[in-house]
Amino acid sequence: GGCGACTVMVSRYQPATKTIAHYSANACLLPLCQLHGAAITTVEGIGSSKTRLHPVQERIAKAHGSQCGFCTPGMVMSMYALLRNKPQPTMEDITQALAGNLCRCTGYRPIVDGCRTFCQEANCCQANGGANCCLNGDENTNESGHFLPLDPTQELIFPPELILMAEASNPQTLTFHGERMTWVSPTSLEELVQLKAKHPKAPLVMGNTNIGPDIKFKGVLHPLIISPIRVKELFEVSQGPDGVWVGAGCSLSELHSLLEKMVPQHPEEKTELLRALIQQLGYLGSQQIRNVASLGGNVASAYPNSDLNPVLAAGNCRVRVVSGEVPLNQEFFVGFGKTVLRPDDVVVSVFIPFSTKGEYVRALRQAPRKEVSFATVTAGMRVRFSEGSRTVQEVSLYFGGMGPTTVSAAKTCQAVTGRPWNEETLNEAYDVLLGELALPLSAPGGKVEFRRSLTLSLLFKFYLDVLQKLRETVDRVSFLNARPPQPHPHVPKDQDDQDPVGRPMMHRSAVSQATGEAVYCDDLPQTDGELFLVLVTSSRAHAKITGLDVSEALKLPGVVDVITANDIPGKKTRVMFGYEQELFAEDEVFTQTSLENLDFRKNMNYKNFCLSVVCVGQTVCAVVADTKAHAKRGAYAVKITYEDLPDPIFTIEDAIEKSSYFEPRRVVAKGDVTEAFKSVDRVYEGQIRMGGQEHFYMETQSMLVVPVGEEREFKVYVSTQWPTLAQEAVAETLDIQSNRVTCHVKRLGGAFGGKVIVTSVLASITAVAAWKTNRAVRCVLERGEDMLITGGRHPVLGKYKVRQKTQLKDQYSKIVKKNFNCDNNWFGSCLLCGQVASRELHIPTSKVFISETSTSSVPNTCPSAASFGTDANGMAVKEACEILYRRLEPIRQKDPGGSWETWVREAHLQKISLSATGFFRGKDLYYDWDKMEGQPYAYFTFGACCSEVELDCLTGDYRTLRTDVVMDIGRSINPSVDIGQIEGAFTQGLGLYTLEELNYSPTGVLYSRGPSQYKIPAVCDVPLRFNVYLLPDSHNPHAIYSSKGIGEPTLFLGSSVFFAIKDAVTAARSDSGLSGPFTLDTPATPERAFLACASPFVKKVPASKPGSSKPWALNI
């Protein structure tokens, strides 16, 4: 539920009001059993290129809001669901609707531009469906015609049979039986209570936002699940003079809507708690999550960093269960995920009281990302003053993220009660609060110093807010001040109107991506007898494997086989850059006999057993089964025993200490640096540290290997940037000729360099399974598996030493240590080849069709990486088209007035070949490290960027107010594509330098394995004003049509936000009387920015004693 790519719209009929409710939801969290009586609308259902596009699909496509396209259906459906409920949305509505949808390619600006055309606000660029939108002008797109108008009367109707079903007077209990699980959906509270009494351990599932991920990712098994979604008593709302009872089954979106309606109906003094909850609900999860997650589930799950529970507890709320009422206070939460409620209790409703005169309630939080992110620390605070005074009569402070459950700062409250609301009282409260909310260094989640400091700064924020009696304002990203879509340079006046080069064109797949018709690897239909493969990976970082027991896995239903290194008929390793990577952890004496015996310690000589692993996530074996679910169960059942080896290497410092370097070690030097340092006026020394980054392509590693033909032939359908490498890898692994293997690549759902080497390894493993079973085998990694198994951008440590000689004003630098850097093959695009073919063949782009890439038709491919895709493929297409055009020259001269079709027919009659191959691998680049000379690059791409940020020194939160980018990209082939690449790369760079953080346990386990733990930029992170300019009159003689590769270089410009944050921190430190150098590593997360500000709150937190406990995470 973290990326939003699978967003659909759920529609339900409400018999009580005879209305139809529409809401967006994540399909990956929607149990089919729970959708009885609901209508589901997917992106394919609202429009099609074969029938009629829906306005949302059309506008996102025309606004160039789609690049790889994997996230586009989700974007479309989030916007569609919003329009079904609100045909004339505000920009706030739009940004809220898109907050739960992640995109790694575009930088979000074009997506928002497409959606903002539905906005009716005064400063929007057009009225709905009108003709004068900036998106329709020549400066943005050459697509003709106006936007399709949005007509709510033409939307799909709700199925009448579902209305009749919902109005039936006697609904029946629904029971679904699965292979290992039973799902029961009762229809009354009485029946629900009876079920819960009989099965107290059975979980209640409303939104499936808690139980669902546990089942899917942790392998948790619940033999019985009770779904009370049809129990009407859980959805009742009752308002009284003291407050409102809200049914526990009400979704968080319904609660938000209810509270928003109530606020204007009551005096302001009575709505303090309501407004605090409204604010907190706006940040809790995404719109898709809030639409299904329930109020009762949020309370009962008792998450330690819950956003709602601290506010509900501070506000003196109560919980009604069948047996009575229970106060929501410090006694309610008894441990991690536990409350005082009995296992057979059922939460019926929650009471939210009105506030009284002189009472103030606030909700405060800090999170790694402003929206759709679990809070680091969250707080609910309430204070009530004696009438006519500033003396505290009562105060309530609750915190989330400061322990295993929601905690009350009872001692701090006691210290404040009865005292005046002033700085003296607050200063004493700080010391009490620090002592009351202590955290060990090993506390789950880490960031101990930050979290403890935050409790003080949030209390200070509350103090200031109450002191000044300010109305709560919701601080949200708004695109209302954003610049209209970026201007594009005009083509030369003498350029043929039919020549598309240099014109901003919507890329060919945009419409099919917006309609869901675009086919990705895992969209390929299943073949008869197809198997699914799931990898079994190491849970230890540096260890010998002393036992591998697959017996239980092989007994499970559906499991066909377990694949090990012993099953590989050919090469068992892949060599890249001089280093071997094993397909599986391997032992030469590992035989099928020993596999069948299963107990290695009994059946094998331990001295001969050398199977070992070098990292967590290394593949040990793979399970193949008839379904993905069965394969996952089989993988869970494989038992591996280890013997840890000494001296594991986790950090760069560890590697330096143990002289563990990648060879050969490269040195760049000029002159005698050592001699130069002997005579200096001043020496500066220090270090820089840069964190790693996950590719986070939206489509995870995906492949399908199909045995075909009579002579061991294989078709490999794979999402890769380098089909030829995958072809060679599979052939060498299977010990067959490469011509027996054909790799097919239709499109990739993002890659950024992450689908080259690792993809060939995974394809080889999948091919071994297909070889052994002689059946088609599919492998599609889960997000967590992908992040654990594959590589990424590595962390960097650089130590520098600089001399300054005042007289000569010269500086010499020596980089002492720099390790763990990586190859930055992150961006690539060959969407422009159609425009190249159009120009060279002198035909419109509508006559150009780009099929899939296949090694049978395009051998010896170059990888589409390092911004080289258009350089290589564009030149190859140009060469092939020039050959074809020359062959047609005699026919065109004889019939100059003919059409392309008549020329082609005549060529056939004259036996002229109309197939041609072009090839271009680029210039011969080299560098002699011994002589320190050569040409490592064909050309350079230049750019400049300026960013302005606003930093909250009390939380470390920042927002990018404005970014201006100027790029020299030569003569752009398609400005809309190039600007999209620039914006996407900048946004990914913004994530690298300020947001994205990889956390590893002390034993080398990656904690951040998915969108809930690893935060890439979202809509809320886009600069409020984002301007991109292409440098005019620039030429590049070294690439196709004087263009330049652009995707990758712009990533570095995201560092402008980092340096702006550092400037803001410098100013904050100066205000505190601090000067001189300070450390701010990247990514400059809120934690690092906050601590670097060195506020009085940071100074109050005592430093942890070295060796007092093991930190939760390594500093990598």
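Keep in mind that glycine also has a Cβ here, set from the backbone N, Cα and C atoms.
These come from TrEMBL:
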type     : residues                         : note
ACT_SITE : GLU1048                          : active site, proton acceptor
BINDING  : CYS3, CYS6, CYS28                : [2Fe-2S] cluster 1 binding site
BINDING  : CYS68, CYS71, CYS103, CYS105     : [2Fe-2S] cluster 2 binding site
BINDING  : 204-211, 294-298, ASP307, ARG365 : FAD binding site
BINDING  : GLN721, PHE752, ALA866           : Mo-molybdopterin binding site
DOMAIN   : 176-357                          : domain 'FAD-binding PCMH-type'
REGION   : 481-504                          : region 'Disordered'
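For GLU1048 (active site, proton acceptor), the binding-site residues whose C-alpha atoms fall inside a 10 Å radius of its own C-alpha are PHE752, ALA866, out of CYS6, CYS68, SER294, ASN298, PHE752, ALA866. For the domain 'FAD-binding PCMH-type' (176-357), the model's average pLDDT works out to 95. Nearest in space to MET206 (FAD binding site), taking C-alpha to C-alpha distance over the binding-site residues CYS6, CYS71, CYS103, CYS105, is CYS6. Between the C-alpha atoms of ASN210 (FAD binding site) and CYS28 ([2Fe-2S] cluster 1 binding site), the distance comes to 13 Å. Close to the recorded [2Fe-2S] cluster 1 site, the chain also has GLY1, GLY2, GLY4, ALA5, THR7, ASN26, ALA27, LEU29, GLY74: residues not among CYS3, CYS6, CYS28 whose Cβ is within 8 Å of the site's Cβ mean position. With the fewest other Cβ atoms inside 10 Å of its Cβ, the least crowded of the binding-site residues CYS103, CYS105, MET206, ALA866 in this structure is ALA866. The record gives CYS68, CYS71, CYS103, CYS105 for [2Fe-2S] cluster 2. Within 8 Å of the mean position of their Cβ atoms, the other Cβ atoms in that chain belong to SER66, GLN67, GLY69, PHE70, THR72, ARG104, THR106, MET698, GLY749, GLY750, GLY984. Looking only at Cα atoms, GLY296 (FAD binding site) sits nearest to CYS28 among the binding-site residues CYS28, CYS68, PHE752.
Within 10 Å of the C-beta atom of GLN721 (Mo-molybdopterin binding site) sit 25 other C-beta atoms, taking all shown protein chains into account. With every protein chain in view, the residue among the binding-site residues CYS6, LEU204 whose Cβ has the most Cβ partners within 10 Å turns out to be LEU204. The binding-site residues examined here are ASN208, ASN210, SER294, ASN298; by Cβ neighbour count within 10 Å, the least packed of them is ASN210. For the pair SER294 (FAD binding site) and CYS28 ([2Fe-2S] cluster 1 binding site), the C-alpha distance works out to 17 angstrom. Note on proximity: among CYS3, CYS71, CYS105, PHE752, ALA866, the binding-site residues of the record, the Cα nearest LEU204 (FAD binding site) is that of CYS3. Under 8 Å, Cβ to Cβ, and six or more positions away along its own chain, CYS68 ([2Fe-2S] cluster 2 binding site) finds ARG104, CYS105, TYR697, MET698, GLU699, ARG747, LEU748, GLY749, GLY750, ALA751.
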